[in-house]
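Undergrad: Next up is a structure, given as structure tokens.
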Amino acid sequence: MEHNGTAALGWAARDTSGHLSPFSFTRRVQQEDDVTIKVLYCGICHTDLHIIKNEWGNAMYPVVPGHEIVGVVTGVGAGVTKFKAGDTVGVGYFVDSCRACDSCGKGYENYCPTMVITSNGTDYGGATTQGGFSDVMVVRQDYVVRVPASLPPDGAAPLLCAGVTVYSPMVEYGLNGPGKHLGVVGLGGLGHLGVKFGKAFGMKVTVISSSPAKRGEALGRLGADAFLSSRDGEGMAAAAATMDGIIDTVSAGHPLVPLLSLLKPKGQMVVVGAPAMPLQLPAYAIIEGGKRVAGNGVGSVAECQAMLDFAGEHGIAADVEVVAMDAVNAALGRLERNDVRYRFVVDVAGTMHAAAAAAASS
């Protein structure tokens with residue numbers, strides 16, 4: 001450990017082009033309650049695209065993206081009791097919170113108003129946070145989770161964001177009961193994990209998509225019980241009032257009213273996708289039948305650990321395409337075109353340093 005911090009190598013965006021290239025920087029000195037982690041794999045989330053292209057207007061360049069991190073502990077501070085060197089661990093969307101607000105007190109650190117996000121955030125010392133497209137992380141132990149040995153580390157990486165984003169509201173709103181009927185809207189990175197968790201909970205799962213071509217994927221590859229095209233008026237009408245709950249994972253603008261019609265009275269819809277345009281929600285659509293609509297943003301540390309433990313017990317991992325670091329820009333371009341089944345994961349430990357050396361010599 002260097003006196004002034006740990007030398008780190010990452011791949012960073014430097015402007016709104018979003019193009020990533022090698023970037024050397026320094027992680028903070030390991031503190032008493034810190035865990036130092038060698039990054040093995042990091043998933044690519046659509047949020048990373050928003051950040052590196054400054055689509056949310058808050059990019060702090062240069063910025064290293066990545067918040068779906070799986071790695072191995074290489075060092076711990078003197079006060080660390082939860083982890084030891086050699087443990088396989090994960091880091092998700094945030095790496096710190098205030099610990100003093102109402103949300104933190106109730107165990108919902110993910111809703112802390114001053115939560116420190118893993119990439120493109122500002123820590124409590126004023127430094128910009130750099131994410132998991134890097135070879136090393138230094139994180140407080142309370143924001144690190146244990147990854148079960150039964151999970152493949154590459155397939156586990158997207159669980160740190162996409163997995164907990166669907167798992168958390170399913171448990172929170174009782175959409176995890178055997179025999180209940182769950183609708184999963186969208187069959188992408190979030191949706192395919194919603195199907196997997198729903199089936200593991202013993203639920204009847206119907207995939208709802210605007211793309212009829214995804215029927216085979218939903219029923220064959222993922223084992224959903226039924227498929228419903230949102231463009232099929234007759235099919236939608238026949239399925240009215242049949243579902244106990246719906247997880248809406250779609251990030252493109254779409255009408256909610258046809259989806260709400262699928263819910264039984266007192267049914268629950270949870271929105272986890274984030275369309276850029278405001279969603280339209282006429283009051284009558286929820287008044288009739290006493291239906292409820294909620295949102296969800298990732299999950300707490302405890303929820304993330306519970307999700308990983310459940311995934312480990314039931315063999316749930318993301319379906320991933322692993323890419324080398326020198327292919328990350330191409331992967332980001334494909335993600336922008338929705339050309340992935342279902343998540344990209346970067347092989348950080350296996351390819352980063354070779355990719356940086358090749359970039360330096362070119």
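Each residue, glycine too, has its Cβ placed from N, Cα and C.
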Undergrad: Of C45, C98, which one shares the Zn(2+) 1 site with H67, E68, C161 in Swiss-Prot?
TA: C45
Undergrad: When you rank C101, C104, S210, G273 by Cα distance to C45 (Zn(2+) 1 binding site), which of the binding-site residues ends up on top as the closest?
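TA: Checked the binding-site residues C101, C104, S210, G273; minimum Cα distance to C45 (Zn(2+) 1 binding site) goes to G273.
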Undergrad: Out of C45, C98, C112, which has the highest number of nearby Cβ atoms, where nearby means within 10 Å of its Cβ, if these are the binding-site residues?
TA: C45
Undergrad: Identify, in sequence order, the residues in the chain of S210 (NADP(+) binding site) that are 6 or more apart from it along the sequence and have a CB within less than 8 Å of its CB; answer 'none' if there are none.
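TA: S210 (NADP(+) binding site) has long-range Cβ partners S229, S230, R231, H254.
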Undergrad: Specify the secondary structure state of E68 (Zn(2+) 1 binding site) as given by DSSP, simplified to three classes.
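TA: Its secondary structure by DSSP: coil.
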Undergrad: Need this for a regression test: binding-site residues H67, E68, C98, C101, C104, C112, filtered to those with Cα within 10 Å of T47 (NADP(+) binding site). What's left?
TA: H67
Undergrad: For L187 (NADP(+) binding site), just count the other CB atoms lying within 10 A of its CB, please.
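TA: There are 26 such Cβ atoms around L187 (NADP(+) binding site).
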